[in-house]
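I have placed the structure first, in the form of structure tokens, so that the comments after it can refer back to it.
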Amino acid sequence: MRYSDSYHTTGRWQPRASTEGFPMGVSIEVNGLTKSFGSSRIWEDVTLTIPAGEVSVLLGPSGTGKSVFLKSLIGLLRPERGSIIIDGTDIIECSAKELYEIRTLFGVLFQDGALFGSMNLYDNTAFPLREHTKKKESEIRDIVMEKLALVGLGGDEKKFPGEISGGMRKRAGLARALVLDPQIILCDEPDSGLDPVRTAYLSQLIMDINAQIDATILIVTHNINIARTVPDNMGMLFRKHLVMFGPREVLLTSDEPVVRQFLNGRRIGPIGMSEEKDEATMAEEQALLDAGHHAGGVEEIEGVPPQISATPGMPERKAVARRQARVREMLHTLPKKAQAAILDDLEGTHKYAVHEIGQ
């Protein structure tokens with residue numbers, strides 16, 4: 001049963017009992033990707049696989065090319081080297097027709113919502129259906145009303161973007177991203193402009209959508225609360241390279257200085273106002289810290305916080321079981337701290353110490 005069936009039958013949107021009828025999201029395989037603008041290198045040799053049907057987060061300081069990476073994944077920008085394999089097609093080498101077909105797999109939530117100011121929320125949400133399908137207006141109405149209800153905007157369809165809050169605009173943008181039933185959803189800094197409470201609601205909404213449609217979701221953000229509690233997998237860009245990408249426990253337990261600094265929001269570390277610092281600046285800041293000067297941020301956060309679950313009444317996230325099977329297979333290749341955190345999560349305990357792993 002599709003969303004629209006549920007809306008049409010009852011007159012209001014209801015959570016789906018299962019994801020039957022929705023294909024699982026597809027994986028994205030990125031190999032050796034390099035992108036420059038003129039003589040300025042943005043990032044180089046980026047290699048990762050975004051697992052199908054799971055939620056992943058890409059972190060990084062401002063200016064590291066996270067949004068450029070998203071635009072490359074959907075073919076809006078063309079890297080000069082590497083490949084991006086989606087559903088068996090390399091979108092860098094494919095024809096324009098093939099790229100058009102691949103783009104139908106995507107839904108994109110842009111950083112500012114990218115709503116048309118002259119259209120109300122109904123017409124904004126209906127726009128992709130009118131542009132890319134031959135559906136009747138009655139069918140379009142069922143889909144639009146159901147997607148707006150899904151993101152908590154039922155009854156607001158006649159409002160214009162200028163009449164609603166930033167959080168509502170983000171949700172409207174998400175509704176529009178969902179109308180074509182995408183298998184991949186890209187979210188470009190969905191928390192931008194939102195307060196912590198609205199960000200928490202949006203995080204829950206993203207997880208519920210993953211439970212509903214089993215789509216592959218990639219979130220670009222520098223919001224640490226999202227990074228710690230939402231994704232199945234995490235990665236980080238810094239100094240034109242991918243620092244790491246893998247199960248969330250790998251990054252959250254990492255001892256890499258740039259990762260620890262970023263996750264704790266402190267001045268001490270490699271990241272500076274212009275992305276990176278020289279050794280002299282780092283030594284000076286460390287001396288100030290040793291002398292008792294506060295380095296900003298929070299106290300060092302240890303451990304891996306629980307991941308957000310789907311709201312009760314939603315379907316079970318199929319991604320959870322797939323991820324568990326996948327990380328069990330790769331467990332022996334991961335750092336010891338990550339292994340301990342994963343075993344704790346898999347067994348529902350907190351009994352594993354790092355020194356016990358591998359014994």
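A Cβ is built for glycine as well, from the same backbone N, Cα and C atoms used for every other residue.
Considering Lys170, Lys318, Lys337, Lys351, the record held by Swiss-Prot lists Lys337, annotated as N6-acetyllysine. Sparsest Cβ environment among the binding-site residues Ser62, Ser67 (other Cβ atoms counted within 10 Å): Ser62.
Confidence for the domain 'ABC transporter' (28-264), expressed as mean pLDDT, is 93.
Counted within 10 Å of its Cβ, the other Cβ atoms near Gly60 (ATP binding site) come to 24, all protein chains included. Spacing of Thr64 (ATP binding site) relative to Lys337 (N6-acetyllysine) is 27 Å (Cα to Cα, whole number). Within 10 Å of the C-beta atom of Thr64 (ATP binding site) sit 24 other C-beta atoms, taking all shown protein chains into account.
For the pair Lys337 (N6-acetyllysine) and Gly60 (ATP binding site), the C-alpha distance works out to 22 angstrom. Across the recorded positions listed here (Lys66, Lys337), the residue whose Cβ sits among the most other Cβ atoms within 10 Å is Lys66.
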